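Report on the following structure.
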């Protein structure tokens with residue numbers, strides 16, 4: 001009788017685990033994560049996202065941890081229950097055999113213990129693919145397209161396309177600098193002979209894959225590049241590297257994408273889109289791919305402003321081509337320099353330790 005009760009308890013525990021995980025699976029990964037201290041604890045250090053894609057990834061991250069903890073508690077509970085219920089010392093006191101009843105040929109139990117892990121793995125795989133597809137989808141109809149070029153050890157940002165309502169010209173804006181782009185195209189092949197080089201026979205100095213724009217923001221050792229973007233607007237990023245591999249990473253996007261040289265030859269998807277940035281402010285961006293001596297200092301800033309301010313900013317840049325990015329930021333009432341990170345002198349000849357230029361952040 002006692003053995004039957006124990007077997008019934010184990011079966012109920014297993015059934016409870018199946019029902020519990022099934023409920024989580026049906027809930028889906030896009031259910032909002034818990035808020036407050038509990039949500040912060042379950043986030044395990046992840047920042048709160050500022051895009052819908054980031055929110056989906058954050059929710060998935062949190063619910064995976066919730067599922068893992070539930071499974072862990074169930075398994076720990078069964079382990080502790082078995083440890084105390086079927087101990088040799090307890091069996092000896094009760095005058096029973098040292099070993100409990102063996103269940104190695106309990107077909108229903110073995111089926112449950114095989115099927116449940118398969119369901120868990122399949123559910124996690126399903127929600128992983130679901131979240132990944134949402135994050136990498138190229139279906140946002142971007143109103144702003146930004147060309148991003150990484151190089152040792154800084155960034156260049158250019159506005160390739162801007163929709164009419166945000167454009168400095170009042171109509172759809174195409175920002176390609178045709179003259180510089182044509183010059184880059186000429187570097188594709190060496191002049192006056194065959195090209196015995198490994199990149200499909202192209203010149204080692206080929207820069208034709210890079211994009212050049214009329215309105216650009218270029219980072220220097222004295223000034224962090226500030227990329228100005230509108231809030232609540234679909235944005236597309238087009239990435240490339242001018243030298244070694246880099247990676248474009250904004251922690252609040254909860255997403256990073258590698259920037260390669262010759263991305264097409266490397267079979268890389270160089271573009272990604274976000275539906276909108278939901279919060280205005282300054283957000284630090286970083287290189288997330290080890291790229292040499294000053295990799296850790298290769299920062300930039302995303303400055304998110306209202307669509308109205310963004311249109312004013314672009315108009316100022318378009319009407320004043322000689323003005324600096326800091327001048328344009330001042331013109332719309334924004335801090336002229338990066339506020340989320342500071343410049344670092346990345347010149348290889350710097351050896352005196354004077355790596356911080358306090359005048360640039362003033």
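Glycine is treated like the rest: Cβ placed from N, Cα and C.
Taken from Swiss-Prot, the feature Cu cation A1 binding site covers 246, 287, 291, 298. The Cu cation A2 binding site feature in Swiss-Prot is assigned to 287, 289, 291, 295; the stated evidence is similarity to another entry. The annotation compositional bias 'Basic and acidic residues' is assigned in Swiss-Prot to 176-191. Look at Swiss-Prot and you will find 197-206 tagged as compositional bias 'Polar residues'. Under the heading S-diacylglycerol cysteine, Swiss-Prot lists 29, citing sequence analysis as support. Taken from Swiss-Prot, the feature N-palmitoyl cysteine applies to 29, supported by sequence analysis. Swiss-Prot lists 60-80, 107-127 with the feature transmembrane segment, giving sequence analysis as the kind of evidence.
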- Note on the structure: DSSP output for residue 287 (Cu cation A1 binding site) maps to strand
- Task: Which residue among the binding-site residues 287, 291, 298 has the fewest other Cβ atoms within 10 Å of its Cβ, if you could check?
- Result: 291
- Query: To the nearest whole angstrom, what is the C-alpha distance linking residue 287 (Cu cation A1 binding site) and residue 295 (Cu cation A2 binding site)?
  - Reply: 7
- Query: Other than its own, how many Cβ atoms are within 10 Å of the Cβ belonging to residue 246 (Cu cation A1 binding site)?
  - Reply: 30
- Tally every other Cβ atom lying within 10 Å of the Cβ atom of residue 289 (Cu cation A2 binding site). 19
- Query: Taking the Cα atoms as reference points, how far is residue 246 (Cu cation A1 binding site) from residue 295 (Cu cation A2 binding site) in Å?
  - Reply: 9
- Message: Per DSSP, what is the helix/strand/coil residue tally across the compositional bias 'Basic and acidic residues' (176-191)?
- Response: 8 helix, 1 strand, 7 coil
- Item | Integer Cα-Cα distance in angstrom, residue 298 (Cu cation A1 binding site) to residue 289 (Cu cation A2 binding site) | 10
